[in-house]
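Participant: Structure provided below as structure tokens; questions to follow.
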Amino acid sequence: MLSSFLSPQNGTWADTFSLLLALAVALYLGYYWACVLQRPRLVAGPQFLAFLEPHCSITTETFYPTLWCFEGRLQSIFQVLLQSQPLVLYQSDILQTPDGGQLLLDWAKQPDSSQDPDPTTQPIVLLLPGITGSSQETYVLHLVNQALRDGYQAVVFNNRGCRGEELRTHRAFCASNTEDLETVVNHIKHRYPQAPLLAVGISFGGILVLNHLAQARQAAGLVAALTLSACWDSFETTRSLETPLNSLLFNQPLTAGLCQLVERNRKVIEKVVDIDFVLQARTIRQFDERYTSVAFGYQDCVTYYKAASPRTKIDAIRIPVLYLSAADDPFSPVCALPIQAAQHSPYVALLITARGGHIGFLEGLLPWQHWYMSRLLHQYAKAIFQDPEGLPDLRALLPSEDRNS
């Protein structure tokens, strides 16, 4: 009798399974609705806040991360796997640097040259990819495509060696060294002196932008900046990336990519560093200890990380910059964000979403159709380029000695 009750023909198991499945789906949707869907937190001084909220509605709207992959690590991974690759054609510029190196700038070609505005005054979006990234990365292509659709020029600054070109010197790139970025900005401003320039730095590129702003202050050559998933504190970043799961998913693959770049340029790099020792690195910290700190003249990795962390330099920034980060970013923990400093800064605004991961920010059921970061660029660039008068007189909020510097 019991066997007949449990038999498949009875339908009990099927009904029970259907009921449990429906309950699981209901609980999942309930959790998503109650805990995942949140408005981002916008942290800024009152003047900058008053500019951003009406001009960038995305900063006050609920973020709807993709229903079936809202966890931070999944967002980070699926962004690479799922997003489409827009067709972008580039024309490359090769710049020579004072130390004998070379830089590759990729200028995106306008889709319809007959509709081009005056290039001498057309706004320019300068994009800086993440570590080992280039103009061919999916996230870069989407941002470039957005800039082109909005009627701006778009140019990508590729870090040395990241487009496959050979290094001319032993130096590749370093988060604390902004000399190459200064060279690029000066080149663009010399070529288009009347065109407003907005820098968009992603991850490692965002660190470069923040450090450049802090070092150059008003002479940064930019009207504003947007940084996406940048890391404010190098010590907290490496600590987070060295946890077991993050190490497996992110730290080890990134370190392998860095080692490949060194291996490709062995002949020029081995003059300064022990290549074989560098290639044994299994973490970014080990790579920075064995290569980056040596190549760029730092005593050790600790000294380098202190110089590379923008967290302690926020008070030196004198150009408006909007920073986007997710609270579940495996590269940049919330504890590393300069929230208190941003609350008192006239120039720095932090936009913190509850979900999004690292350069993830996938949204909607079909995340390859729309992207949160592209929408943010659209609204922020429009506000900066088309309504510069709407920006408050931020310099007036500074002490008199800073206004005159």
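Using the three backbone atoms N, Cα and C, a Cβ is placed for every residue, glycine included.
What Swiss-Prot records for this protein is below:
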| type | residues | note |
| --- | --- | --- |
| CARBOHYD | ASN10 | N-linked glycosylation site |
| TRANSMEM | 17-37 | transmembrane segment |
| DOMAIN | 123-364 | domain 'AB hydrolase-1' |
| ACT_SITE | SER203 | active site, charge relay system |
| ACT_SITE | ASP329 | active site, charge relay system |
| ACT_SITE | HIS358 | active site, charge relay system |
Participant: When DSSP states are folded down to helix, strand and coil, where does SER203 (active site, charge relay system) land?
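Facilitator: DSSP assigns SER203 (active site, charge relay system) to coil.
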Participant: Just to confirm: which same-chain residues, 6+ apart in sequence, have a Cβ under 8 Å from the Cβ of ASP329 (active site, charge relay system)?
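Facilitator: In sequence order, the residues whose Cβ lies under 8 Å from that of ASP329 (active site, charge relay system) (at least 6 apart) are GLY72, SER229, GLY356, GLY357, HIS358.
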Participant: Around HIS358 (active site, charge relay system), how many other CB atoms lie within 10 A of its CB?
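Facilitator: Taking all protein chains shown, HIS358 (active site, charge relay system) has 27 Cβ neighbours within 10 Å.
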Participant: Would you mind giving the whole-number mean pLDDT across the domain 'AB hydrolase-1' (123-364)?
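Facilitator: Taking every residue in the domain 'AB hydrolase-1' (123-364) and averaging pLDDT yields 96.
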Participant: Just jot down the residues in the same chain as SER203 (active site, charge relay system), at least 6 apart in sequence, with C-beta under 8 A of its C-beta; none if empty.
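Facilitator: Those within reach of SER203 (active site, charge relay system), by Cβ under 8 Å and sequence separation of 6 or more, are PRO129, GLY130, ILE131, GLY133, LEU228, SER229, ALA230, CYS231, PHE331, HIS358, ILE359.
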Participant: Per DSSP, to which secondary structure element type does ASP329 (active site, charge relay system) belong, with helix, strand and coil as the options?
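Facilitator: SS state of ASP329 (active site, charge relay system) = coil.
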